[in-house]
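Undergrad: When I checked Swiss-Prot for this same protein, it listed these features:
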ACT_SITE  K40  active site, proton acceptor
ACT_SITE  Y263  active site, proton acceptor
BINDING   R136, M310  substrate binding site
MOD_RES   K40  N6-(pyridoxal phosphate)lysine
Amino acid sequence: MKTSIHRPSQALVDLSAIHFNIEQLKAHLPQDVEKWAVVKANAYGHGAVAVSSYIDDIVDGFCVSNIDEALELREGGLDKKILILGVSAIEVVPLAIQNKITLTVASLEWLDLLEASSLSLQGLVVHLKVDSGMGRIGFRDRQPLQEAINRLQVAGVQVEGIFTHFATADEADASKFEEQLACFKGILAELDALPPIIHASNSATSLWHTDTVMNAVRLGDIIYGLNPSGSVLELPYDIKPALSLVSELVHVKEVEAGADVGYGATYTADEGQFIGTIPLGYADGWTRDMQGFDVLIDGQRCPIVGRISMDQITVRLPEKYPLGTPVVFIGKSGTESISATDVAEKRGTINYEVVCLISDRVPRIYKN
């Protein structure tokens, strides 16, 4: 999707806030624990290369979802370790070796395909994934995991790490988390030997279960100033949101009582009023279920009226504002604020889905 640089709709990214958040986390984690920044999905919509470049000197490595995201970082000049968290196609192994990118091994079936490929494995570095209860990818028992380690080592592959992922570390009820932790520790205890890097802590674990941190952590949503639990658990220390979503009024009109607004005529003015139009819609990530939510204009909350269109939304204004008046979708205006968590609660989802859904059509503008 082409970035629309000539519209007033922009995602403003405060890189210094991300830097601050990482330093806050580091201050509350053991000094000898490696800190890996999770920058998958374009750094949760914040811009992978820009974010990674800015924080490169305060993290030990980066985590991404796939080979293309990893190559984007390499092409952007990042040379620290990169771990692909997902399962990669066998065909990308040469690319991973060539670009010093670490792959995840999650099953013996994948390893069978790797061995059958007859590819050169010299220089390949891997981490093994344990499914301790998340239910997506990974080894579920000690025996196949140990077999994978043995076969990889015989093939000359460097087994650098082993990891798992917690499903409920961001919830008030820690029972499922404790089950997963016990499962992971039990499997580790049965292995013949452990690789150098053991990691299980995501953002939520790093915040609320610091006593379970091993020797590396994967820091994702929290570095962008997003509470992993939404509003369920209180953050133990100050974190700054890094992204604001803004635009401007491009059209203002006065309508009479009984006038309809938008597709389906779902909004009818109950009295004479001012309606403002803003060039941002569901193609930009502001989904149709946001009808009835507010935007901020001149420090006031203005409701979205009528259906959200692909490229535009309409809002009810308290007075007639001039064209070019700033509009805030996520961020602050005067004493009012709207957070990604507020948006998520309206949608019935999570705050990091909100920022990930801001499409490439919206330019990212960087501060600091």
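Every residue, even glycine, has its Cβ placed from backbone N, Cα and C.
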Undergrad: Cα-Cα separation of R136 (substrate binding site) and K40 (active site, proton acceptor), in Å?
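TA: Computed Cα spacing between R136 (substrate binding site) and K40 (active site, proton acceptor) is 17 Å.
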Undergrad: Near Y263 (active site, proton acceptor), which residues of its chain come within a Cβ-Cβ distance under 8 Å, counting only those 6 or more away in sequence?
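TA: Expected: G306, R307, S309.
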Undergrad: Which residue among the recorded positions K40, R136 has the fewest other Cβ atoms within 10 Å of its Cβ, if you could check?
TA: R136
Undergrad: In sequence order, what residues of the same chain, 6+ apart, have a Cβ less than 8 Å from the Cβ of M310 (substrate binding site)?
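TA: Same-chain residues close to M310 (substrate binding site) (Cβ under 8 Å, separated by 6 or more) are G281, Y282, A283.
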